[in-house]
Amino acid sequence: MGIEESQICNPSDREFLSVDILNIVTSSLSLMGSALTIISYIWKKVRRHRIQKQQIQQQQQQIEKGGLLSSSITIGNGSSHYGGIGGGGGSGNGTGIGAIGGPHGTYKQPTSKLPLLIFMLSIADFFTSFFIIISQSYLINNSKSYSTPYSPDLKIHFSPCIILRAIIQFFFLSTFFWTTCISYYLFHQLSSPGEEKYLLAIFNVVSWGIPFAISMVITMTNSIVVNSDGWCEVAKPMELSLWFLPLFLCLLVCSIYYFRLRRLFRSKFEYRLQINDRLKQLDSTISRRLTLYIVVFVICWLPDVIQHFISFFSKCTFFPLLILQNILTPSQGFWNFWIYSYTNKIARFTPSNDENKRLLQ
């Protein structure tokens, strides 16, 4: 008996059911992790806005007090005495107000776009997990209705299975592209720091627009089909070009940027060895945390890539790999939340210089 005919390549219905349940469990963890990341980001934005508002009010009060103090000196001492002392007082007030209004009003501290990019990635992770839970629960509870078309006479086939698969496809692809955008952004900020006016707009077009176009194509061309197990999957020709190829390219680009980012970080901060070993340790820690987003993406999707490679040469559904795939693939949102939490801890306890603010805060 060949390996393709063995039990390891032909899981039973009960084993497929266990995979579905495992998928729901890991997706639930990812859903909670993504939700916590989203809530944390929004809360930080609201808190920062309140602090900035309070600072502006305090600055205005100090400016008003400074103006009243100048007026009282002028009225109390007369114009001749004000000319001798008021010049010094005016200079003092001017310096005080300048220290308040100048730096805070004109100098804009460098801030990282990384939290916003992680927020967008978390939105994609959240909805991916949400619709996976709905899809798998529907399949377990009513497999017949799950794959039954709404209207067989329509040229374009629609069923709960097809619609949910298209939505999951969209959000999964979005996580691919957002992670790739994050890897590019991190490398760009280290290699040639500076604001790019349309960078976020480009990221949004790439990470939402391309997945939407791909999902529409596979839906409108009836490329989402129901297999013998009741699952919906993309037909082989489309799966290769519109699922596996984007995934493989994103993994490749992220891997390239990961190694380039590590090499660039080491070369850029190598001089700190001669200044302070603690600073080098902090920079090394920051580097590891930042690149973890890329590493998690690669690890979570590597089993899926291997499974696709196997399917090109064999009909074997390698069950151990299928289990690993259903543990890692839906759990990306959970691991991203874990990295986000650690990154924020490092940002909180790291000396607040321009380099760290541009990369983390």
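In case you wondered, yes, glycine gets a Cβ from its N, Cα and C as well.
For reference, Swiss-Prot has these:
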TOPO_DOM  1-18  topological domain 'Extracellular'
TOPO_DOM  40-113  topological domain 'Cytoplasmic'
TOPO_DOM  135-166  topological domain 'Extracellular'
TOPO_DOM  188-197  topological domain 'Cytoplasmic'
TOPO_DOM  219-238  topological domain 'Extracellular'
TOPO_DOM  260-292  topological domain 'Cytoplasmic'
TOPO_DOM  314-318  topological domain 'Extracellular'
TOPO_DOM  340-361  topological domain 'Cytoplasmic'
TRANSMEM  19-39  transmembrane segment
TRANSMEM  114-134  transmembrane segment
TRANSMEM  167-187  transmembrane segment
TRANSMEM  198-218  transmembrane segment
TRANSMEM  239-259  transmembrane segment
TRANSMEM  293-313  transmembrane segment
TRANSMEM  319-339  transmembrane segment
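For the transmembrane segment (239-259), the list of distant contacts is 169, 173, 176-177, 179-180, 183-184, 186-187, 210, 214, 217-218, 223, 233, 291, 294-295, 297-298, 301-302, 304-305, 308: same-chain residues at least six beyond its ends, Cβ to Cβ under 8 Å. Counting Cβ pairs closer than 8 Å and at least 6 residues apart in sequence, the transmembrane segment (293-313) and the transmembrane segment (198-218) reach fewer than three and form no contact. Distant neighbours of the transmembrane segment (198-218): 113, 116-117, 120, 124, 166-167, 169-174, 176-178, 181, 185, 224, 234, 238, 242-243, 246; these residues of the same chain sit at least 6 beyond its ends, with a Cβ under 8 Å from one of its Cβ atoms. For the topological domain 'Extracellular' (314-318), the DSSP-based tally of helix, strand and coil residues reads 0 helix, 0 strand, 5 coil. Tertiary proximity for the topological domain 'Extracellular' (135-166) is limited to same-chain residues at least six positions away from its ends with a CB under 8 Å from its CB atoms, namely 17, 20-21, 23-24, 27, 215, 218-220, 222, 224, 226, 230-234. Under DSSP, residues within the topological domain 'Extracellular' (219-238) fall into helix, strand and coil as 5 helix, 6 strand, 9 coil.
On the 0 to 100 pLDDT scale, the topological domain 'Cytoplasmic' (260-292) averages 67 in this prediction.
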